[in-house]
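Chemist: What TrEMBL records for this protein is below:
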type     : residues                   : note
REGION   : 1-21                       : region 'Disordered'
COMPBIAS : 1-13                       : compositional bias 'Pro residues'
DOMAIN   : 20-79                      : domain '4Fe-4S Wbl-type'
BINDING  : CYS21, CYS46, CYS49, CYS55 : [4Fe-4S] cluster binding site
REGION   : 157-194                    : region 'Disordered'
COMPBIAS : 166-177                    : compositional bias 'Basic and acidic residues'
Amino acid sequence: MPNPSNTPRPNDPPTANHAACTTPGVDPDLWFSDHPTDRTRAKRLCAGCPLLDPCRAYGLDTDQLWGVWGGLDRADRRRILRGVVCGTETALKIHRRYGERCTVCETAHDRRVETRRRQSLAAAHARGGTAASAQLHRKLGEPVCAPCRRAELAAEEARRRARGIPPRDARTGDGRTRGSGTPSVGAHTTAQAA
Ligand code: SF4
Ligand SMILES: [Zn+2]
Ligand SMILES: [Zn+2]
């Protein structure tokens with residue numbers, strides 16, 4: 001938001017006096033803060049500043065290391081100067097380095113991760129399902145298909161066997177062997193008959 005008392009008339013060239021960052025009551029440290037929230041506030045104020053374009057050009061031309069210039073912080077200038085556009089992994093890494101959130105980059109990243117997971121899942125299904133692909137189903141927020149679940153159970157049983165643990169009981173699913181802990185159907189029937 002520009003300083004209302006200093007807003008230039010239509011044909012006046014803007015000068016430093018018109019800068020939104022010099023508006024009384026506005027903390028000038030916002031433009032040089034390490035905190036992303038402060039920088040976002042500074043950028044919003046820049047958006048209404050009559051000096052936006054020349055200030056942005058100055059920040060880019062002189063490759064300013066610090067501060068928000070014309071609505072761009074250091075990370076924004078880096079991206080522009082390197083020709084990095086939002087939506088790429090490189091742009092996302094730069095955002096993360098500077099503690100920024102970017103919906104465009106994060107959405108694009110999530111889509112790429114999902115595509116990779118679906119490709120891995122399709123390859124695992126072509127092999128009849130695997131324990132790892134059961135996890136992929138869960139990461140994708142969907143139920144585990146029967147072949148993947150079977151592969152997962154088989155892998156779990158193989159691990160139990162390797163450690164000398166008795167096989168999981170197919171009915172109780174808790175690792176108890178038949179006849180252990182609870183009376184068998186036969187013993188129960190016999191006791192009732194006695
Ligand atoms: S555009 Fe430049 S002069 Fe205007 S508020 Fe932002 S930093 Fe200040
Ligand atoms: Zn981005
Ligand atoms: Zn599956």
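Including glycine, each Cβ sits where the backbone N, Cα and C put it.
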Chemist: In the same chain, outside CYS21, CYS46, CYS49, CYS55, whose C-beta lies within 8 angstroms of the Cβ mean position for the [4Fe-4S] cluster site?
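Modeler: The answer, listed by sequence position, is ALA19, ALA20, TRP31, ALA42, LEU45, LEU51, LEU52, VAL68, TRP69, GLY70, GLY71.
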Chemist: Other than its own, how many Cβ atoms are within 10 Å of the Cβ belonging to CYS49 ([4Fe-4S] cluster binding site)?
Modeler: 23
Chemist: Three states by DSSP: which one describes CYS49 ([4Fe-4S] cluster binding site)?
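Modeler: Its secondary structure by DSSP: coil.
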Chemist: Tell me the coarse DSSP state (helix, strand, coil) of CYS21 ([4Fe-4S] cluster binding site).
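Modeler: Once the DSSP labels are grouped into three classes, CYS21 ([4Fe-4S] cluster binding site) ends up as helix.
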